[in-house]
Amino acid sequence: MKAYKVAVLAGDGIGPLVMKEALKILTFISQKYNFSFEFNEAKIGGASIDAYGVALSDETLKLCEQSDAILFGSVGGPKWDNLPIDQRPERASLLPLRKHFNLFANLRPCKIYESLTHASPLKNEIIQKGVDILCVRELTGGIYFGKQDLGKESAYDTEIYTKKEIERIAHIAFESARIRKKKVHLIDKANVLASSILWREVVANVVKDYQDINLEYMYVDNAAMQIVKNPSIFDVMLCSNLFGDILSDELAAINGSLGLLSSASLNDKGFGLYEPAGGSAPDIAHLNIANPIAQILSAALMLKYSFKEEQAAQDIENAISLALAQGKMTKDLNAKSYLNTDEMGDCILEILKENNNG
């Protein structure tokens, strides 16, 4: 029996609440597909500051090093806002983990469910064609990490990418497309940026190893427009750090709720950190109304990308789709009639059990 070690870092706010539901789903799905999990929990973020004085302790980092993947909740809250910026939970936990494990690829799915078209700001005639997009963003290079200077009269930032950096993120995008609709858009600004010209040259060479993938090019300004005008044309969007940062947030706005958005950050060894895209929402942390779907979908991403358990991941995604189609929703999706956090998790679990028995 295959066994997977997972570092469980629930964090702050709603993190522990929604993490409980994700672990419940993972435990069942592992039994169905005959593999096992070893869940090792540790404090991170504000909870770690309160316990150890730092947002990421050496013990927690060591636990992560001994694991096959990290399932991350959320960190931060007003309680720690008085700390220096570089010591706050958000800055002092997640960013060091990304750097330590060289998590260079960020994957952000965006799917608009048929039962949730009312929650999207897009018109029905746009959504009805289907919206299911994966934004693949390079996370450790580009303009955020280049040389910069801020003077009194001028300032500059430098966008630098190497061939190797582009190649490895391109492989992630093409491999992802293979288990989706086999289409990749490279998002760039090759009409004015030298770095974008290099991206096109390198990606055009990498795609030769993926004859089954359809590669297209699109300028980033046009891509920003097409996301709201004709999003169904996209499958996988391959982006540099800056462009991916902007477009992934635009994608987050069109699906209707942060409670549905999952995220994966990967290195070249298949190790990943999986987390909801939303925040810790401390204002509702003790109300049992947080949407656990983003955390559960993050767990499904872990199954898919770190453990290659694609069918198990698909089962979870299908169960979520069915639950939503049945009108089972949390308060962020339907304020008039809603399930609590644990009830939503139970609903998804019951659908998985019914399909298993069927």
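The backbone N, Cα and C atoms fix where each Cβ goes, and this holds for glycine too.
D81 (NAD(+) binding site) is surrounded by 10 other CB atoms, counting those within 10 A of its CB over all protein chains shown. The annotation NAD(+) binding site is assigned in Swiss-Prot to 77-90, 279-291.
On its own chain, R108 (substrate binding site) has L134, C135, R137, S248, L251, A252, L261, S262, S263, A277 as residues at least 6 apart in sequence with a Cβ closer than 8 Å to its own Cβ. Taken from Swiss-Prot, the feature substrate binding site applies to R98, R108, R137, D221.
The annotation Mg(2+) binding site is assigned in Swiss-Prot to D221, D245, D249 on the grounds of sequence analysis. The Cβ of D249 (Mg(2+) binding site) has 12 neighbouring Cβ atoms from other residues within 10 Å, across all protein chains displayed.
Y144 (site 'Important for catalysis') has a Cβ environment of 14 other Cβ atoms inside 10 Å. What Swiss-Prot records for Y144 (among others) is site 'Important for catalysis', and it gives sequence analysis as the kind of evidence.
As annotated by Swiss-Prot, site 'Important for catalysis' applies to K189 (among others). The local packing around K189 (site 'Important for catalysis'), expressed as other Cβ atoms within 10 Å of its Cβ over all shown chains, amounts to 17.
Between the binding-site residues G77, P89, P89 has the most other Cβ atoms inside 10 Å of its own Cβ, all protein chains included. In the three-state DSSP scheme, K189 (site 'Important for catalysis') is classed as coil. The binding-site residues considered are I85, A281, A285, I289; of these, I85 has the fewest other C-beta atoms within 10 angstroms of its C-beta. Shown are the binding-site residues R98, R137; the one with the most C-beta atoms within 10 angstroms of its own C-beta is R137.
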